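Each remark here refers to the structure printed beneath this line.
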There are 4 protein chains.
Amino acid sequence: MIVNTFGRLFKISTFGESHGVAIGGVIDGVPSGIELDFDWIQVQLDRRKPGQSAIVTQRKEPDTVQFLSGIFEGKTTGASIGFIIPNDNQKSHDYDHIKGVFRPSHADFTYETKYGVRDHRGGGRTSARETANWVVGGAVAKHVIPNINITAYVSGVGELKLDNDYSTLDFSKIEDTAVRCPDLEMAEKMIDRIKEIRKEGDTIGGEVTCVIQNVPVGLGEPIFDKLHARLGQAMMSINAVKGFEYGEGFASTSMKGSEMNDQFNQDGTTKTNYSGGIQGGVSNGMDIYFKVAFKPVATLMQEQTTLNADGEMVEMHGKGRHDPCVVPRAVPIVESLAAMVLADMLLIQRTRNI
Amino acid sequence: MIVNTFGRLFKISTFGESHGVAIGGVIDGVPSGIELDFDWIQVQLDRRKPGQSAIVTQRKEPDTVQFLSGIFEGKTTGASIGFIIPNDNQKSHDYDHIKGVFRPSHADFTYETKYGVRDHRGGGRTSARETANWVVGGAVAKHVIPNINITAYVSGVGELKLDNDYSTLDFSKIEDTAVRCPDLEMAEKMIDRIKEIRKEGDTIGGEVTCVIQNVPVGLGEPIFDKLHARLGQAMMSINAVKGFEYGEGFASTSMKGSEMNDQFNQDGTTKTNYSGGIQGGVSNGMDIYFKVAFKPVATLMQEQTTLNADGEMVEMHGKGRHDPCVVPRAVPIVESLAAMVLADMLLIQRTRNI
Amino acid sequence: MIVNTFGRLFKISTFGESHGVAIGGVIDGVPSGIELDFDWIQVQLDRRKPGQSAIVTQRKEPDTVQFLSGIFEGKTTGASIGFIIPNDNQKSHDYDHIKGVFRPSHADFTYETKYGVRDHRGGGRTSARETANWVVGGAVAKHVIPNINITAYVSGVGELKLDNDYSTLDFSKIEDTAVRCPDLEMAEKMIDRIKEIRKEGDTIGGEVTCVIQNVPVGLGEPIFDKLHARLGQAMMSINAVKGFEYGEGFASTSMKGSEMNDQFNQDGTTKTNYSGGIQGGVSNGMDIYFKVAFKPVATLMQEQTTLNADGEMVEMHGKGRHDPCVVPRAVPIVESLAAMVLADMLLIQRTRNI
Amino acid sequence: MIVNTFGRLFKISTFGESHGVAIGGVIDGVPSGIELDFDWIQVQLDRRKPGQSAIVTQRKEPDTVQFLSGIFEGKTTGASIGFIIPNDNQKSHDYDHIKGVFRPSHADFTYETKYGVRDHRGGGRTSARETANWVVGGAVAKHVIPNINITAYVSGVGELKLDNDYSTLDFSKIEDTAVRCPDLEMAEKMIDRIKEIRKEGDTIGGEVTCVIQNVPVGLGEPIFDKLHARLGQAMMSINAVKGFEYGEGFASTSMKGSEMNDQFNQDGTTKTNYSGGIQGGVSNGMDIYFKVAFKPVATLMQEQTTLNADGEMVEMHGKGRHDPCVVPRAVPIVESLAAMVLADMLLIQRTRNI
């Protein structure tokens, strides 16, 4: 689980910059004999792609995945699956004005210092375009865990928070609005807020909640591969994420054990689920739910004073096509990473008892 | 970075149950020629050990580490470092009453289902006794990064939260009280709260904040080994942790980009540090700070109705020696895991440019 | 170092079947700032490619590598390097006659049993076409170790063995003949032998010797990552390889310690080099040399009786375009794998002392 | 699979020097619910231990393994298994005369240069004492693959080679003589040869052959985890090994495809087994057999001139207790490493099809 690779048995190794010829990767460890639903895979990419609605970046990318190996007559062969997603709409000139400039709260300065060289166009390897690779990986992973349901939605845009318990929500409405919030009234407010922010040339943070249902008991590994630790690491890999909590999360810090403990029913389920479906790092069969915190996008359509590589303070004007709020497009990304973690854990679990 | 192993170049592989002969591990990847300060290592173990004060579990363990290899005449040789910590004070009889019983919000049920067999004494492999191994690993790791300062403290006990900016606190006072909160007035309140809770036979959650200072620019790796993703995974491996946030964390979800962006000074530092010292997963030289959420301990000194392995509902009485609140002892654990992540990243960074 | 991935810090993850759209991979861990010599990389691929001479398979593939990422203005950026090699000349119909048939001494039967499904065209994932990916990886790796010289040559074709000490050979003549044996008289005999064998519709085994010069002292890691263990694993990954020896190899089993020990000169070099440049798994600065044994290719242009997937014995006629002897094309493959192992070890060594 | 760790799912991480307090390790990935035969495990250690017969080193070590975790009421729990083997008979003074001296064909010079510091006593981490750890790992691994039979024996001591096909040998006689050669006539000659060599103060090389029977079809992984590549890497990790071959090995380089191909029987077995039970890196159900080449031990009981750390040529007298020929004690080591590779592959194979 290192650097450009994620997972142990279900593994993805990725490459690509937003302004190269293509991005892509290698998916390894997929069991053989699985029939892939290519249309469904493309639908996931479409849910993430830029230009899909009025409240996201207007960069247009078809984001069509091409599978190059590991599949024969529609089924996985057990061989590694190579894939690419061509970059069709890179406008490198959009980035000429920031050549040699370190944008505030971007990775420009840290990458330049770390590597001594940098592809400045579109953020290079730090671009969130990488997340399209993960959606491919997650969509393939989902085929390994067909019975597990993974549902993410936007639960916060700026100060607008959807605090309702997820069980009161109608998940079938998530895709009804561009913001992917299942509470349609709240969705409307969120969309208005995003439009407003964009008009200001500003950006805003948000939250995504994810619910995983129908998980068998026993997924997750001791000590450093606890199910929630792996989910947390995965989510923290998404650009702009600043926090992760599962079950009662930060609220549990104020609770007593007598309030928080989930009492058993006789069938092994629990009366409450404050724990969030995981005990000792291992799934207990109850719903897993977690929340991911996204900071506002750093690229503003406003003027900012910043530093360049020559150590001079310079004026920088906002240009290019960017998201005023990333959470609507983050929803399929969160689901995809969760699918990869669970597929990995399911494969590992097959080796755990004799 | 799998299962009972953590890290890539600086690696620790651990073993042990709280009621076996000893716990221990193998530390691999430590560069040669480092003079180890054994007294300081023992001090770290003492900060974690049970029975150290009136507000923690009264189990008495000397927690003396024995190094078995990899050290010659006081210096590391580059060979793997094996170590053990004998278990001296296991009272297995304390657990006879829970043999075959699944304690609420413990890992008993999930482990039994996952593995089909289980050492019920003291939680077996899920015991927090494992964290003593990490303190050894972290204390050795600290020698690899002598100039980086890692400081954790208790910032919350139940509803009592220390919200002061860390820069206003006097870190030298952290060890002045048993609760490890540097604000002595708040510390007193926290101690009272913990005593009160213990009297009720109950437990309570809490928070630990960690600040890492004097970090060189450039630590952290692209995509899945982002510095904060690895810190997050590490922290989430600690028993009872339900959440992790760094920089502005969850609060950033309500912020605008124009508020949150950290503007540069001409020397590469930033005027503000809402980002928390990391950009694009790579340290930027500013302070790294993060917060870890701990739920209340599940073991109560109260009567609970629960399930046993025969599918019967049974009464369970609280017994044994347990912490009413884990955060005071969690402080050195948080520091230790952070030290291992940073040592690992420093070693990796040495290979990043030609 | 698993499955479709090789290496720890310098890593390659590959995919592809000989009859898919393309093969390719992801190279990870390449330090930043290295200027790549693309012409030289292509020359390496040309040395491996089919159809290059009269004594190899007449399949024609241009084998043009396309780099998709990780390179900016001709230099590595430190980001992962994705690449593909399109398959232009797949004649899948050549394989219709073996659909459902298990060719003798091929992987057809084992793969079918292992995975329950199989791409029969050209051997699927077991095709030696995969080795083109390794040549790309090795050619990039060579840029990480510019001062280390890696030279392989054919030292045996069937019963014809070149037993001369490598130091008596003129390496500049290796590329003078299609068989890549630097002794031109022996080369001629080998070529004649291969032509004869092909006329018979048969195949023949052979040997490749590799010499690595100008290696710094200290490469190789303790215990399971010994330099020769990693070289051996790499070589054994090549299709048709049945053995590996380094230094005096199997001949050393008949030697006495007093004969075999390499006595030191005062400058740390040794008077003899029976050990083959490695002591305790670590390079000692002397030349590393090893030999790789290749069995005869299993695909014959003769009739064979064999088994099919329905459990019937069937007649199979040799068809398609195949190598009568693999060693001439194996030379750049051996060099490439060696380059990847050494680049990996060099990067690891950077982290070994403080 | 790195450095002091071996394996992917069945993993061992080891530590220890021959003159420290203890050696040991952590075994990870063992499925739960396996009843361990501790007597049998100790028997394996006894087969490796020094002082067991007149033809091996006279150092006396009881080599008693102490398991510290991962086992409850005699069965594995699925938790990591920690173990130590105390060093009881270290005579560090035996090494005073070589402090600062680089013994010819030892790892003294390479380790000193690599790490800049070195435990000179008994070779430090490079000591073959480490192999006792592997015997523990292998003995536990054998419990994961109870139906697979792994048998090694001495097939060569110096110029004395046992070239008989293994199928003509009576494996039940292997333990009948101190040299572990099942041909008792040859065994006697070998023992005489070893005694003679020891009298000369010299050492001699040898060969070990290993046969693995009753292997299910399908073990081994594509590309870099080919079954024989992993076996080869494992064997090459043993001190003094200079070569590895499987099936017909180096002899196959002189064969034609029409001679070497193994024709199928209708039940999927093959009429011959020149391939050595592996096709395309995957077991085909036939016997796996391979040979390991050991050079003569470098430590002589003779005077040698050598280099010291001050760059001076010095006289060195042979002292201490050493093996004149390592192969008799290498037999259980070869079996143990093979058992770990096969257990690992069996666990991986469980995840390969849906």
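Every residue, even glycine, has its Cβ placed from backbone N, Cα and C.
TrEMBL annotates D:R125, D:T126, D:S127, D:N239, D:A240, D:G280, D:K295, D:P296, D:V297, D:A298, D:T299 as FMN-binding residues; of D:R321, D:R350, the candidate listed for that same site is D:R321.
Cα of D:V297 (FMN binding site) to Cα of D:R48 (NADP(+) binding site): a distance of 16 Å. The distance from the Cα of D:S127 (FMN binding site) to the Cα of D:R48 (NADP(+) binding site) comes to 14 Å. Long-range Cβ contacts of D:R48 (NADP(+) binding site) within its own chain (separation 6+, distance under 8 Å): D:D63, D:T131, D:A132, D:V135, D:R329, D:P332, D:I333.
The secondary structure of D:R48 (NADP(+) binding site), as reduced to three states from DSSP, is helical. Taking the Cβ of D:K295 (FMN binding site) as centre and 10 Å as the limit, one finds 30 other Cβ atoms among all the protein chains shown.
Using a 10 Å Cβ-Cβ cutoff, D:S127 (FMN binding site) registers 21 neighbours. Neighbour counts of Cβ atoms within 10 Å were compared across the binding-site residues D:A240, D:V297; the minimum falls on D:A240. Of the residues the record lists as binding FMN, namely D:R125, D:T126, D:S127, D:N239, D:A240, D:G280, D:K295, D:P296, D:V297, D:A298, D:T299, D:R321, the two whose Cα atoms sit farthest apart are 44 Å from each other. With a cut-off of 8 Å between CB atoms and residues at least 6 apart in sequence, the same chain places D:R103, D:H106, D:T203, D:G318, D:G320, D:H322 near D:T299 (FMN binding site), listed in sequence order. For D:R125 (FMN binding site), applying a Cβ distance below 8 Å and a minimum sequence separation of six or more within one chain yields D:G16, D:E17, D:Y111, D:D119. Of D:R48, D:R125, D:A240, D:V297, D:T299, listed as binding-site residues, those near chain B by the criterion of a Cβ under 8 Å from one of its Cβ atoms are D:R125. Those binding-site residues from D:R48, D:S127, D:A240 lying by chain C, with Cβ under 8 Å from one of its Cβ atoms: none.
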